[in-house]
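Asks: So TrEMBL lists these for the protein:
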{"type": "ACT_SITE", "residues": "168", "note": "active site, proton acceptor"}
{"type": "ACT_SITE", "residues": "449", "note": "active site, proton donor"}
{"type": "DOMAIN", "residues": "10-72", "note": "domain 'Malate synthase N-terminal'"}
{"type": "DOMAIN", "residues": "164-408", "note": "domain 'Malate synthase TIM barrel'"}
{"type": "DOMAIN", "residues": "414-530", "note": "domain 'Malate synthase C-terminal'"}
(Lines of atoms letter the chains of each structure in order from A and count residues from 1; the text may use other names and numbers.)
(Lines give C-alpha, C1' and ligand atoms only; values in the text may rest on other atoms or scores of the structure.)
Protein backbone atom coordinates (compact mmCIF):
# COMPACT_ATOMS: atom_id res chain seq x y z
CA UNK A 1 0.00 0.00 0.00
CA UNK A 2 1.24 3.49 -0.86
CA UNK A 3 2.49 5.58 2.04
CA UNK A 4 0.64 8.76 3.05
CA UNK A 5 3.58 10.80 1.74
CA UNK A 6 3.16 9.24 -1.72
CA UNK A 7 -0.63 9.60 -1.67
CA UNK A 8 -0.38 13.26 -0.66
CA UNK A 9 1.73 14.03 -3.70
CA UNK A 10 -0.51 15.94 -6.10
CA UNK A 11 -2.87 17.13 -3.35
CA UNK A 12 -3.16 20.91 -3.04
CA UNK A 13 -5.22 23.00 -0.62
CA UNK A 14 -5.79 26.34 -2.34
CA UNK A 15 -7.87 28.02 0.36
CA UNK A 16 -6.37 29.73 3.41
CA UNK A 17 -6.18 27.54 6.52
CA UNK A 18 -6.14 28.93 10.06
CA UNK A 19 -5.07 27.14 13.23
CA UNK A 20 -8.62 26.07 14.12
CA UNK A 21 -9.13 24.53 10.70
CA UNK A 22 -5.87 22.58 10.83
CA UNK A 23 -7.42 19.99 13.14
CA UNK A 24 -9.75 19.12 10.23
CA UNK A 25 -7.38 19.46 7.28
CA UNK A 26 -4.76 17.07 8.68
CA UNK A 27 -2.36 15.12 6.46
CA UNK A 28 -4.20 11.93 7.47
CA UNK A 29 -7.59 13.35 6.49
CA UNK A 30 -6.24 14.70 3.20
CA UNK A 31 -4.75 11.29 2.48
CA UNK A 32 -8.22 9.79 2.89
CA UNK A 33 -9.76 12.47 0.63
CA UNK A 34 -7.15 11.73 -2.03
CA UNK A 35 -8.01 8.03 -1.93
CA UNK A 36 -11.71 8.80 -2.33
CA UNK A 37 -11.00 11.12 -5.25
CA UNK A 38 -8.71 8.71 -7.08
CA UNK A 39 -11.04 5.79 -6.48
CA UNK A 40 -14.33 7.39 -7.46
CA UNK A 41 -14.02 10.71 -9.29
CA UNK A 42 -13.86 9.17 -12.76
CA UNK A 43 -17.11 7.30 -12.13
CA UNK A 44 -18.70 10.43 -10.73
CA UNK A 45 -17.86 12.36 -13.87
CA UNK A 46 -19.12 9.54 -16.10
CA UNK A 47 -22.45 9.54 -14.23
CA UNK A 48 -22.74 13.30 -14.74
CA UNK A 49 -22.19 12.76 -18.47
CA UNK A 50 -24.93 10.14 -18.35
CA UNK A 51 -27.27 12.83 -16.99
CA UNK A 52 -26.61 14.93 -20.12
CA UNK A 53 -27.43 11.99 -22.39
CA UNK A 54 -30.66 11.41 -20.48
CA UNK A 55 -31.56 15.10 -20.76
CA UNK A 56 -31.07 14.99 -24.53
CA UNK A 57 -33.59 12.12 -24.69
CA UNK A 58 -36.10 14.06 -22.60
CA UNK A 59 -35.64 17.11 -24.82
CA UNK A 60 -36.69 14.95 -27.78
CA UNK A 61 -39.94 14.05 -26.00
CA UNK A 62 -38.99 10.64 -24.58
CA UNK A 63 -40.80 10.33 -21.24
CA UNK A 64 -39.36 8.37 -18.29
CA UNK A 65 -40.77 5.03 -17.19
CA UNK A 66 -39.93 2.33 -14.66
CA UNK A 67 -36.80 0.53 -15.86
CA UNK A 68 -37.42 -2.84 -17.55
CA UNK A 69 -33.88 -3.99 -16.76
CA UNK A 70 -34.49 -3.72 -12.99
CA UNK A 71 -38.00 -5.18 -12.94
CA UNK A 72 -36.67 -8.27 -11.15
CA UNK A 73 -35.59 -6.09 -8.22
CA UNK A 74 -38.99 -4.41 -7.93
CA UNK A 75 -40.80 -7.73 -8.23
CA UNK A 76 -38.72 -9.55 -5.61
CA UNK A 77 -40.57 -9.19 -2.25
CA UNK A 78 -37.84 -10.87 -0.18
CA UNK A 79 -35.15 -8.21 0.08
CA UNK A 80 -35.20 -5.43 2.68
CA UNK A 81 -33.23 -2.36 3.59
CA UNK A 82 -31.22 -2.23 6.80
CA UNK A 83 -33.09 -2.16 10.13
CA UNK A 84 -33.17 1.32 11.73
CA UNK A 85 -29.86 2.17 13.39
CA UNK A 86 -29.46 3.56 16.94
CA UNK A 87 -30.85 7.07 17.08
CA UNK A 88 -32.84 6.60 13.86
CA UNK A 89 -35.75 4.45 15.04
CA UNK A 90 -37.91 7.48 15.91
CA UNK A 91 -37.40 10.45 13.58
CA UNK A 92 -40.78 12.13 13.89
CA UNK A 93 -39.44 15.69 13.73
CA UNK A 94 -36.15 16.61 12.08
CA UNK A 95 -34.73 20.13 11.97
CA UNK A 96 -32.49 21.17 9.11
CA UNK A 97 -30.13 24.06 8.55
CA UNK A 98 -26.59 25.17 7.79
CA UNK A 99 -23.53 24.32 9.85
CA UNK A 100 -22.57 27.72 11.27
CA UNK A 101 -21.75 27.50 14.99
CA UNK A 102 -24.86 29.31 16.24
CA UNK A 103 -27.18 27.18 14.08
CA UNK A 104 -25.53 23.94 15.22
CA UNK A 105 -26.07 24.81 18.90
CA UNK A 106 -29.64 26.01 18.37
CA UNK A 107 -30.57 22.95 16.30
CA UNK A 108 -29.12 20.48 18.80
CA UNK A 109 -30.97 22.31 21.58
CA UNK A 110 -34.30 22.19 19.74
CA UNK A 111 -37.09 19.83 20.80
CA UNK A 112 -36.60 17.53 17.84
CA UNK A 113 -35.44 13.97 17.26
CA UNK A 114 -32.72 14.55 14.67
CA UNK A 115 -30.78 17.45 13.16
CA UNK A 116 -29.72 17.41 9.53
CA UNK A 117 -26.58 19.55 9.36
CA UNK A 118 -26.50 20.85 5.83
CA UNK A 119 -23.47 21.45 3.62
CA UNK A 120 -25.78 21.58 0.60
CA UNK A 121 -28.79 23.75 -0.31
CA UNK A 122 -28.93 25.89 2.84
CA UNK A 123 -25.18 26.60 2.83
CA UNK A 124 -23.28 28.76 0.36
CA UNK A 125 -20.08 26.75 -0.23
CA UNK A 126 -17.49 29.35 0.57
CA UNK A 127 -14.25 27.82 1.77
CA UNK A 128 -14.78 29.13 5.29
CA UNK A 129 -18.40 27.91 5.43
CA UNK A 130 -17.40 24.39 4.40
CA UNK A 131 -14.33 23.99 6.61
CA UNK A 132 -15.73 25.85 9.63
CA UNK A 133 -18.85 23.72 9.35
CA UNK A 134 -16.67 20.63 9.73
CA UNK A 135 -14.98 22.22 12.76
CA UNK A 136 -18.38 22.97 14.30
CA UNK A 137 -19.67 19.42 13.85
CA UNK A 138 -16.39 17.98 15.19
CA UNK A 139 -16.77 20.15 18.30
CA UNK A 140 -20.50 19.50 18.71
CA UNK A 141 -20.08 15.72 18.69
CA UNK A 142 -17.44 16.06 21.42
CA UNK A 143 -19.60 18.52 23.40
CA UNK A 144 -16.99 21.29 23.11
CA UNK A 145 -18.94 23.75 20.97
CA UNK A 146 -20.15 26.23 23.63
CA UNK A 147 -19.25 29.83 22.80
CA UNK A 148 -20.13 33.44 23.51
CA UNK A 149 -21.33 35.97 20.91
CA UNK A 150 -21.47 39.48 22.31
CA UNK A 151 -23.27 39.18 25.62
CA UNK A 152 -25.08 35.97 24.66
CA UNK A 153 -23.83 32.49 25.54
CA UNK A 154 -24.56 29.52 23.31
CA UNK A 155 -24.37 26.23 25.20
CA UNK A 156 -25.53 22.71 24.44
CA UNK A 157 -28.29 21.61 26.78
CA UNK A 158 -27.45 18.93 29.30
CA UNK A 159 -30.93 18.06 30.56
CA UNK A 160 -31.67 15.44 27.91
CA UNK A 161 -30.23 13.40 25.07
CA UNK A 162 -29.43 15.59 22.09
CA UNK A 163 -31.01 14.97 18.68
CA UNK A 164 -29.26 12.48 16.42
CA UNK A 165 -26.91 14.23 14.02
CA UNK A 166 -27.25 13.55 10.29
CA UNK A 167 -25.02 15.27 7.72
CA UNK A 168 -25.97 16.26 4.17
CA UNK A 169 -22.95 16.58 1.86
CA UNK A 170 -23.16 18.41 -1.44
CA UNK A 171 -24.58 16.65 -4.50
CA UNK A 172 -22.53 14.78 -7.10
CA UNK A 173 -22.57 17.74 -9.50
CA UNK A 174 -20.77 20.19 -7.21
CA UNK A 175 -17.00 20.58 -6.93
CA UNK A 176 -14.75 21.80 -4.13
CA UNK A 177 -12.32 23.97 -6.07
CA UNK A 178 -10.22 24.80 -3.02
CA UNK A 179 -8.79 21.26 -2.92
CA UNK A 180 -7.27 19.66 -5.99
CA UNK A 181 -6.00 16.14 -6.47
CA UNK A 182 -3.69 15.52 -9.44
CA UNK A 183 -4.75 18.88 -10.85
CA UNK A 184 -8.50 18.17 -10.64
CA UNK A 185 -10.89 19.86 -8.21
CA UNK A 186 -12.35 17.46 -5.67
CA UNK A 187 -15.98 16.42 -5.65
CA UNK A 188 -17.88 18.49 -3.08
CA UNK A 189 -19.70 15.28 -2.10
CA UNK A 190 -16.51 13.37 -1.35
CA UNK A 191 -14.92 16.36 0.42
CA UNK A 192 -17.90 16.87 2.76
CA UNK A 193 -18.49 13.18 3.39
CA UNK A 194 -14.81 12.32 3.69
CA UNK A 195 -13.85 14.93 6.26
CA UNK A 196 -16.90 14.31 8.45
CA UNK A 197 -16.58 10.52 8.28
CA UNK A 198 -12.83 10.39 8.82
CA UNK A 199 -12.88 12.54 11.95
CA UNK A 200 -16.19 11.51 13.51
CA UNK A 201 -17.33 8.01 12.55
CA UNK A 202 -15.72 6.26 15.53
CA UNK A 203 -16.60 9.09 17.92
CA UNK A 204 -20.28 8.95 16.97
CA UNK A 205 -20.31 5.20 17.63
CA UNK A 206 -18.79 5.76 21.07
CA UNK A 207 -21.60 8.19 21.80
CA UNK A 208 -24.40 5.81 20.87
CA UNK A 209 -25.29 6.70 17.31
CA UNK A 210 -23.19 6.54 14.12
CA UNK A 211 -22.05 8.17 10.88
CA UNK A 212 -25.39 9.08 9.32
CA UNK A 213 -26.02 11.00 6.10
CA UNK A 214 -28.67 12.52 3.86
CA UNK A 215 -27.84 12.15 0.16
CA UNK A 216 -29.17 14.83 -2.24
CA UNK A 217 -29.91 15.34 -5.92
CA UNK A 218 -29.46 11.79 -7.20
CA UNK A 219 -30.99 10.97 -10.56
CA UNK A 220 -30.47 7.21 -10.82
CA UNK A 221 -29.76 4.04 -8.87
CA UNK A 222 -26.29 3.99 -10.42
CA UNK A 223 -25.52 7.17 -8.49
CA UNK A 224 -26.70 5.39 -5.33
CA UNK A 225 -24.42 2.46 -6.21
CA UNK A 226 -21.50 4.87 -6.32
CA UNK A 227 -22.34 6.16 -2.84
CA UNK A 228 -22.56 2.58 -1.57
CA UNK A 229 -19.10 1.80 -2.92
CA UNK A 230 -17.78 4.97 -1.26
CA UNK A 231 -19.31 3.83 2.03
CA UNK A 232 -17.73 0.37 1.80
CA UNK A 233 -14.27 1.73 1.07
CA UNK A 234 -14.57 4.28 3.87
CA UNK A 235 -15.68 1.75 6.47
CA UNK A 236 -12.97 -0.71 5.47
CA UNK A 237 -10.34 2.04 5.55
CA UNK A 238 -10.93 3.09 9.16
CA UNK A 239 -11.80 -0.41 10.35
CA UNK A 240 -15.49 -0.34 11.22
CA UNK A 241 -18.02 -2.92 10.01
CA UNK A 242 -19.74 -2.46 6.69
CA UNK A 243 -23.34 -1.43 7.28
CA UNK A 244 -22.39 0.98 10.09
CA UNK A 245 -23.12 4.01 7.90
CA UNK A 246 -26.76 4.89 7.32
CA UNK A 247 -27.99 7.13 4.52
CA UNK A 248 -31.40 8.60 3.79
CA UNK A 249 -31.83 9.54 0.15
CA UNK A 250 -33.74 12.65 -0.81
CA UNK A 251 -36.03 11.82 -3.71
CA UNK A 252 -35.93 15.27 -5.20
CA UNK A 253 -35.63 14.54 -8.91
CA UNK A 254 -38.36 13.20 -11.16
CA UNK A 255 -36.02 10.55 -12.60
CA UNK A 256 -35.17 9.19 -9.15
CA UNK A 257 -38.90 8.78 -8.48
CA UNK A 258 -38.93 6.07 -11.15
CA UNK A 259 -36.03 4.25 -9.41
CA UNK A 260 -36.91 4.43 -5.72
CA UNK A 261 -36.82 0.68 -5.11
CA UNK A 262 -33.56 0.34 -7.01
CA UNK A 263 -31.99 3.18 -4.98
CA UNK A 264 -32.91 1.46 -1.71
CA UNK A 265 -31.64 -1.83 -3.16
CA UNK A 266 -28.24 -0.38 -4.08
CA UNK A 267 -27.83 1.09 -0.59
CA UNK A 268 -29.72 -1.64 1.25
CA UNK A 269 -27.13 -2.42 3.96
CA UNK A 270 -26.73 1.32 4.50
CA UNK A 271 -30.27 2.51 3.76
CA UNK A 272 -32.14 4.62 6.31
CA UNK A 273 -35.00 5.36 3.91
CA UNK A 274 -36.13 8.06 1.53
CA UNK A 275 -37.31 11.64 1.96
CA UNK A 276 -39.70 13.82 -0.03
CA UNK A 277 -37.59 16.80 -1.13
CA UNK A 278 -40.61 18.71 -2.34
CA UNK A 279 -39.17 21.98 -3.71
CA UNK A 280 -36.29 20.33 -5.51
CA UNK A 281 -38.73 17.80 -6.92
CA UNK A 282 -40.89 20.56 -8.45
CA UNK A 283 -37.71 22.19 -9.77
CA UNK A 284 -36.64 18.89 -11.30
CA UNK A 285 -39.97 18.39 -13.08
CA UNK A 286 -39.75 21.83 -14.68
CA UNK A 287 -36.03 21.46 -15.46
CA UNK A 288 -36.20 18.02 -17.02
CA UNK A 289 -39.26 18.77 -19.16
CA UNK A 290 -38.58 22.45 -19.80
CA UNK A 291 -38.76 22.00 -23.57
CA UNK A 292 -42.14 20.24 -23.35
CA UNK A 293 -45.21 22.56 -23.44
CA UNK A 294 -47.29 19.88 -21.69
CA UNK A 295 -45.29 20.41 -18.48
CA UNK A 296 -45.92 24.14 -17.99
CA UNK A 297 -46.97 24.73 -14.38
CA UNK A 298 -48.95 27.63 -12.84
CA UNK A 299 -47.72 30.03 -10.13
CA UNK A 300 -45.45 28.31 -7.61
CA UNK A 301 -47.92 28.79 -4.75
CA UNK A 302 -50.51 26.68 -6.57
CA UNK A 303 -48.22 23.68 -7.02
CA UNK A 304 -49.11 22.11 -3.68
CA UNK A 305 -48.52 18.64 -2.27
CA UNK A 306 -52.05 17.61 -3.26
CA UNK A 307 -51.78 18.21 -7.02
CA UNK A 308 -51.78 14.91 -8.95
CA UNK A 309 -48.07 14.47 -9.72
CA UNK A 310 -47.00 15.43 -6.18
CA UNK A 311 -49.65 13.25 -4.53
CA UNK A 312 -48.56 10.26 -6.63
CA UNK A 313 -44.91 10.81 -5.72
CA UNK A 314 -45.67 10.90 -1.98
CA UNK A 315 -47.84 7.78 -2.06
CA UNK A 316 -45.31 5.79 -4.07
CA UNK A 317 -42.46 6.85 -1.79
CA UNK A 318 -44.26 5.76 1.38
CA UNK A 319 -45.37 2.46 -0.15
CA UNK A 320 -41.87 1.73 -1.47
CA UNK A 321 -40.08 2.51 1.79
CA UNK A 322 -42.41 0.49 4.00
CA UNK A 323 -42.39 -2.44 1.60
CA UNK A 324 -38.60 -2.51 2.12
CA UNK A 325 -38.63 -1.80 5.88
CA UNK A 326 -37.13 1.70 5.85
CA UNK A 327 -38.34 5.18 6.86
CA UNK A 328 -40.43 7.39 4.57
CA UNK A 329 -39.69 10.95 5.63
CA UNK A 330 -41.94 13.91 4.88
CA UNK A 331 -41.06 17.34 3.59
CA UNK A 332 -40.09 20.76 4.81
CA UNK A 333 -42.15 23.32 6.70
CA UNK A 334 -40.25 26.42 5.64
CA UNK A 335 -42.30 28.92 7.67
CA UNK A 336 -40.58 31.12 10.24
CA UNK A 337 -42.37 33.01 13.03
CA UNK A 338 -44.09 36.31 12.11
CA UNK A 339 -43.34 38.11 15.35
CA UNK A 340 -45.07 41.41 14.62
CA UNK A 341 -48.38 39.99 13.33
CA UNK A 342 -50.04 37.38 15.60
CA UNK A 343 -52.97 36.87 13.21
CA UNK A 344 -50.73 36.19 10.22
CA UNK A 345 -48.50 34.01 12.39
CA UNK A 346 -51.40 31.84 13.53
CA UNK A 347 -52.62 31.48 9.95
CA UNK A 348 -49.14 30.31 8.92
CA UNK A 349 -49.00 27.83 11.80
CA UNK A 350 -52.39 26.45 10.78
CA UNK A 351 -50.94 25.80 7.35
CA UNK A 352 -48.05 23.91 8.93
CA UNK A 353 -50.46 21.84 11.06
CA UNK A 354 -52.52 20.91 8.02
CA UNK A 355 -49.43 19.92 6.07
CA UNK A 356 -48.08 17.76 8.89
CA UNK A 357 -51.49 16.17 9.41
CA UNK A 358 -51.57 15.23 5.71
CA UNK A 359 -48.11 13.68 6.07
CA UNK A 360 -48.76 11.62 9.18
CA UNK A 361 -52.10 10.35 7.87
CA UNK A 362 -50.47 9.37 4.58
CA UNK A 363 -48.03 7.15 6.50
CA UNK A 364 -44.87 9.24 6.77
CA UNK A 365 -42.52 8.35 9.64
CA UNK A 366 -41.42 11.91 10.31
CA UNK A 367 -41.18 15.40 8.93
CA UNK A 368 -38.89 18.43 8.54
CA UNK A 369 -38.97 21.91 10.04
CA UNK A 370 -36.68 24.85 9.29
CA UNK A 371 -37.12 26.74 12.56
CA UNK A 372 -37.08 25.55 16.20
CA UNK A 373 -40.39 27.37 16.84
CA UNK A 374 -42.15 24.96 14.46
CA UNK A 375 -40.88 21.85 16.25
CA UNK A 376 -43.70 21.90 18.80
CA UNK A 377 -46.34 22.28 16.06
CA UNK A 378 -45.01 19.30 14.11
CA UNK A 379 -44.47 17.23 17.28
CA UNK A 380 -48.01 17.85 18.45
CA UNK A 381 -49.45 16.47 15.22
CA UNK A 382 -47.12 13.46 14.96
CA UNK A 383 -47.45 12.60 18.66
CA UNK A 384 -51.22 12.56 18.37
CA UNK A 385 -51.48 10.52 15.18
CA UNK A 386 -48.31 8.40 15.46
CA UNK A 387 -48.09 6.91 18.98
CA UNK A 388 -45.50 4.40 17.72
CA UNK A 389 -41.85 5.30 16.98
CA UNK A 390 -42.56 5.07 13.25
CA UNK A 391 -45.19 3.77 10.81
CA UNK A 392 -43.18 1.12 8.98
CA UNK A 393 -46.17 -1.19 9.44
CA UNK A 394 -48.39 1.07 7.29
CA UNK A 395 -47.91 -0.80 4.04
CA UNK A 396 -50.12 1.34 1.75
CA UNK A 397 -50.96 -1.73 -0.32
CA UNK A 398 -53.98 0.22 -1.57
CA UNK A 399 -51.66 2.38 -3.65
CA UNK A 400 -51.25 1.66 -7.36
CA UNK A 401 -49.09 4.33 -8.95
CA UNK A 402 -48.26 4.27 -12.67
CA UNK A 403 -45.77 6.24 -14.75
CA UNK A 404 -48.68 8.35 -16.00
CA UNK A 405 -49.58 9.26 -12.40
CA UNK A 406 -46.06 10.53 -11.72
CA UNK A 407 -46.25 12.63 -14.90
CA UNK A 408 -49.82 13.91 -14.49
CA UNK A 409 -49.50 17.67 -14.98
CA UNK A 410 -53.19 18.38 -14.57
CA UNK A 411 -52.51 21.19 -12.08
CA UNK A 412 -55.30 23.74 -11.62
CA UNK A 413 -54.20 27.35 -11.40
CA UNK A 414 -53.05 30.37 -13.38
CA UNK A 415 -49.88 32.21 -14.23
CA UNK A 416 -50.14 35.75 -12.92
CA UNK A 417 -48.06 38.90 -13.02
CA UNK A 418 -47.82 38.66 -9.25
CA UNK A 419 -46.42 35.14 -9.60
CA UNK A 420 -43.80 36.39 -12.07
CA UNK A 421 -42.78 39.20 -9.72
CA UNK A 422 -42.58 36.84 -6.74
CA UNK A 423 -40.33 34.48 -8.68
CA UNK A 424 -38.08 37.37 -9.67
CA UNK A 425 -37.93 38.70 -6.09
CA UNK A 426 -37.25 35.30 -4.53
CA UNK A 427 -34.64 34.38 -7.13
CA UNK A 428 -32.86 37.72 -6.81
CA UNK A 429 -33.08 37.75 -3.02
CA UNK A 430 -31.61 34.29 -2.72
CA UNK A 431 -28.87 34.77 -5.32
CA UNK A 432 -27.79 38.08 -3.77
CA UNK A 433 -27.42 36.46 -0.35
CA UNK A 434 -25.66 33.41 -1.80
CA UNK A 435 -23.03 35.58 -3.49
CA UNK A 436 -22.43 37.12 -0.05
CA UNK A 437 -21.89 33.62 1.36
CA UNK A 438 -25.33 33.10 2.93
CA UNK A 439 -27.27 30.01 1.81
CA UNK A 440 -30.35 30.16 4.02
CA UNK A 441 -32.40 33.32 3.50
CA UNK A 442 -35.65 34.53 5.16
CA UNK A 443 -37.92 35.95 2.43
CA UNK A 444 -41.60 36.73 3.06
CA UNK A 445 -41.59 34.73 6.33
CA UNK A 446 -40.28 31.60 4.62
CA UNK A 447 -36.77 30.19 5.00
CA UNK A 448 -35.70 29.96 1.37
CA UNK A 449 -32.82 27.83 0.14
CA UNK A 450 -31.39 26.99 -3.26
CA UNK A 451 -34.32 24.75 -4.20
CA UNK A 452 -36.92 27.52 -4.06
CA UNK A 453 -34.66 29.86 -6.06
CA UNK A 454 -34.33 27.08 -8.64
CA UNK A 455 -38.12 26.75 -8.91
CA UNK A 456 -38.37 30.51 -9.42
CA UNK A 457 -35.84 30.75 -12.25
CA UNK A 458 -37.05 27.54 -13.92
CA UNK A 459 -40.66 28.71 -13.99
CA UNK A 460 -39.62 32.05 -15.48
CA UNK A 461 -37.52 30.29 -18.13
CA UNK A 462 -40.38 27.93 -18.95
CA UNK A 463 -43.01 30.65 -19.18
CA UNK A 464 -40.88 32.75 -21.56
CA UNK A 465 -39.86 29.72 -23.61
CA UNK A 466 -43.45 28.71 -24.27
CA UNK A 467 -44.86 32.22 -24.56
CA UNK A 468 -47.58 31.78 -21.97
CA UNK A 469 -50.25 34.40 -21.35
CA UNK A 470 -50.90 35.62 -17.81
CA UNK A 471 -54.30 35.68 -16.17
CA UNK A 472 -54.24 39.44 -16.81
CA UNK A 473 -53.86 38.84 -20.57
CA UNK A 474 -50.17 39.74 -20.89
CA UNK A 475 -47.96 37.57 -23.11
CA UNK A 476 -44.79 36.60 -21.25
CA UNK A 477 -41.73 37.23 -23.37
CA UNK A 478 -38.06 38.03 -22.91
CA UNK A 479 -38.43 41.81 -22.98
CA UNK A 480 -41.28 41.78 -20.45
CA UNK A 481 -39.43 39.61 -17.92
CA UNK A 482 -36.13 41.48 -18.30
CA UNK A 483 -37.85 44.83 -17.72
CA UNK A 484 -39.52 43.50 -14.55
CA UNK A 485 -36.18 42.04 -13.45
CA UNK A 486 -34.42 45.37 -13.93
CA UNK A 487 -37.10 47.27 -11.98
CA UNK A 488 -37.24 44.77 -9.10
CA UNK A 489 -33.43 44.58 -8.85
CA UNK A 490 -33.19 48.39 -8.70
CA UNK A 491 -35.89 48.52 -6.02
CA UNK A 492 -34.29 45.81 -3.88
CA UNK A 493 -30.83 47.35 -4.25
CA UNK A 494 -32.12 50.76 -3.19
CA UNK A 495 -33.66 49.33 -0.01
CA UNK A 496 -30.69 47.14 0.92
CA UNK A 497 -27.53 48.23 2.78
CA UNK A 498 -24.64 49.61 0.77
CA UNK A 499 -22.36 47.00 -0.73
CA UNK A 500 -25.22 44.65 -1.59
CA UNK A 501 -24.93 42.30 -4.56
CA UNK A 502 -28.32 42.81 -6.24
CA UNK A 503 -26.97 44.19 -9.50
CA UNK A 504 -24.49 41.32 -9.80
CA UNK A 505 -27.27 38.84 -8.99
CA UNK A 506 -29.47 40.48 -11.63
CA UNK A 507 -26.73 40.11 -14.25
CA UNK A 508 -26.59 36.38 -13.61
CA UNK A 509 -30.36 36.00 -13.27
CA UNK A 510 -30.95 37.79 -16.59
CA UNK A 511 -29.12 34.96 -18.39
CA UNK A 512 -31.45 32.36 -16.86
CA UNK A 513 -34.99 33.67 -17.39
CA UNK A 514 -35.25 34.32 -21.13
CA UNK A 515 -36.05 30.81 -22.35
CA UNK A 516 -32.58 30.53 -23.90
CA UNK A 517 -29.52 29.64 -21.78
CA UNK A 518 -30.23 27.36 -18.85
CA UNK A 519 -27.47 26.51 -16.36
CA UNK A 520 -27.58 23.04 -14.84
CA UNK A 521 -27.78 24.55 -11.33
CA UNK A 522 -27.74 28.13 -10.06
CA UNK A 523 -25.16 27.11 -7.46
CA UNK A 524 -22.82 25.89 -10.24
CA UNK A 525 -23.41 29.12 -12.18
CA UNK A 526 -22.52 31.31 -9.20
CA UNK A 527 -19.80 29.20 -7.58
CA UNK A 528 -16.82 31.09 -8.97
CA UNK A 529 -18.13 34.27 -7.30
CA UNK A 530 -17.52 32.79 -3.85
CA UNK A 531 -14.31 30.84 -4.34
CA UNK A 532 -11.18 32.17 -2.67
CA UNK A 533 -8.75 29.86 -4.45
CA UNK A 534 -7.79 32.68 -6.80
CA UNK A 535 -5.61 30.69 -9.18
CA UNK A 536 -5.59 27.03 -10.21
CA UNK A 537 -1.80 27.09 -9.74
CA UNK A 538 -1.26 28.50 -6.26
CA UNK A 539 2.17 29.68 -5.23
CA UNK A 540 2.04 27.86 -1.90
CA UNK A 541 0.65 24.58 -0.62
CA UNK A 542 -0.59 23.62 2.81
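Indices start at 1 and increase along the chain as displayed.
Every residue gets a Cβ built from N, Cα and C, even glycine.
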Asks: Give the sequence-ordered list of residues that share a chain with the residue listed as 'active site, proton donor', lie 6 or more positions from it, and have CB atoms under 8 Å from its CB.
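Replies: Listed in sequence order, they are 121, 122, 279, 430, 439, 440, 441.
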Asks: Compute the average pLDDT of the predicted model within the domain 'Malate synthase C-terminal' (414-530).
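Replies: Summarising the domain 'Malate synthase C-terminal' (414-530) by its mean pLDDT gives 96.
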Asks: Counting by DSSP secondary structure, give me helix, strand and coil numbers for the domain 'Malate synthase N-terminal' (10-72).
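Replies: Reading the DSSP string over the domain 'Malate synthase N-terminal' (10-72) gives 42 helix, 3 strand, 18 coil.
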